[in-house]
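Enquirer: Could you have a look at this structure, given as structure tokens, before my questions?
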Amino acid sequence: EVRIVVRDKNDNTPRFQQPRYYVAVNELTPVGTTIFTGFSGNNGATDIDDGPNGHIEYSILYNPNDPESNRTVSVGNTLSGYIILAERLNYEERTRYLVVVQANAEQDNGHPLPAFADLIIEILDENNQAPYFQLATYQGYVSESSPVGATISASANLTTPLEIIALDNDIEESLFYITLGDYTTVFGVTQTGITRYLRLVTPVDREKQMTYTFTMVASDGVQQSSPVTVNILVIDANDNTPTFAKVSYNVEVFTNMQPGETVLQLTAADADEGLNGLVTYEILAGAQGHFIINNRTGRLTVAPGVALMVGQSYALTVKASDGAPETQITIEAVNEKAVSFCSNFKSVIHEDTLISENQPILELKATDPDAGPNGQIGYRIINHPDLFLISENGSIYTKVRLDRELQSHYDLVVEASDGAVDPRRTTLTLSIQVTDIDDNSPVFSQQNYVVNVPENSPVGTVVLNLSATDADLVSNVTYRIRTDAARQLFSLNPITGELAVLQTLDFEDLAALGIGTSYSFQVEAVDQGGLMPPGQATVTVRITDMNDFSPVFSQDLYKGMVAPNAEKGTVITTVLAEDQDPPVSRNV
């Protein structure tokens, strides 16, 4: 009875069920958490070999295109392939990782036949960033004569509005709610748009309070900003009339009083400041040329060359006025109508498009029913000014070529405002989608592949798995051998990338033919239907020798003679055997 036991050899490559796996992870996930168990059961890699040769071990392969991914995750259990988080995540720093996972037999006997798959990790944003203001302190100005609803100005000449902008790395800035820490009955803040403005809620009086100081915070509903300080200075208006201490004065003069001698010192007070509070004096009637008054000091004196007579009486009317200019009445249209966009807009752009001057990607239109400058519309782009620009008539253009592989979607915020001194504003968010074009060639996972193949391997033996990816959104990668001579020895599956032996490779025959025991050739990855050149890589196959020849003596019978008294070690005859295997395998 002859019993033959066939022992398994690790001659089959593991295979993943799919070339690419996906997992989404919240950015606040603690380090050490298992984030992926998708290789469990039959979802991962399988190997039809028996015993340890068929047991799969998983590891993470260094990815030169994404080296940071190797530090971010690790394999928690090599047999199950559980992936754990090794470093904290931050959505604001990075939103995606590409991890290359390698599957290999647990026992490869020094001849690994690995398989590879991509694990794409999408990071989910969490509202963990507090809003923040652009400035730590805001200085504003308002005239005490400003009506309710007036916008607080950024300059003392009241020409430009005070703009308040808060930012947040998590949500759209237009979703903030800004609150004031004090004086909420005096001031209010607009709650729409990226740029906010302070408004006057009740009239202010500089003579009662000159300055207002309060804090302001922005909240996104979860996080709250650090408070910033707002200082508002009330600008004086000429709203106070000079007032004498008395309504009437009675004074006696003497006949011997000399010209220039003081009759009465008048004083009028004005609560306004500056020129608005500078009082001048004037005699309106009754002086009869006998008295004069200093227009600055209010000192009433006897006029030159006047002789006062006994019993004469004078009734003088004196006017005190401040330095305000004459009142002028200007009739001006009130900016009462708001600016509004006509409709919502969405635009789709090809990623390689650079629109010329006369080819806008989108044309916006906003309206304002007000007349004159109050109804004239101006546009500006709030975010992405480095990528887009907008003309005076609302036409939007691209400034640079867009790349979908870097960013596929933009929310472009556009502001429309009228031409009033105190303009009204509105914002619109445009959804711009960048469509994909074929502008990327397939890229092999390695530029150089080296594999050892034992001689006499059976025809069809898979010796290497090639893998290439295309960054374009829609791609169909196929594989082929570029070097013509190599097609006689090897076949390459165009779909799977499996490189197999096409004929039996004999170490000694290849050496005799001058081909050599190490054979290099080029392979290509082609995007079917694409326009970009194929990706290329070099494959080097090393044919390893097997001890498949027995030694052969040079002749069947050897004869020799030796004397009866020959000493030990005497040569009787010489035999010779040869082996066609290389020297390493033929120690005869």
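Keep in mind that glycine also has a Cβ here, set from the backbone N, Cα and C atoms.
As listed in TrEMBL for this protein:
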DOMAIN    17-133  domain 'Cadherin'
DOMAIN    134-244  domain 'Cadherin'
DOMAIN    245-345  domain 'Cadherin'
DOMAIN    341-444  domain 'Cadherin'
DOMAIN    445-553  domain 'Cadherin'
Enquirer: Is it the case that the domain 'Cadherin' (445-553) and the domain 'Cadherin' (134-244) have 3 or more CB pairs under 8 Å, with pairs at least 6 apart in sequence?
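Expert: Contact criterion not met.
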Enquirer: For the domain 'Cadherin' (17-133), what does DSSP give as the number of helix, strand and coil residues?
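Expert: Output for the domain 'Cadherin' (17-133) reads 9 helix, 49 strand, 59 coil.
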Enquirer: So what's the mean pLDDT when you look at the domain 'Cadherin' (245-345)?
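Expert: In the predicted model, the domain 'Cadherin' (245-345) has a mean pLDDT of 77.
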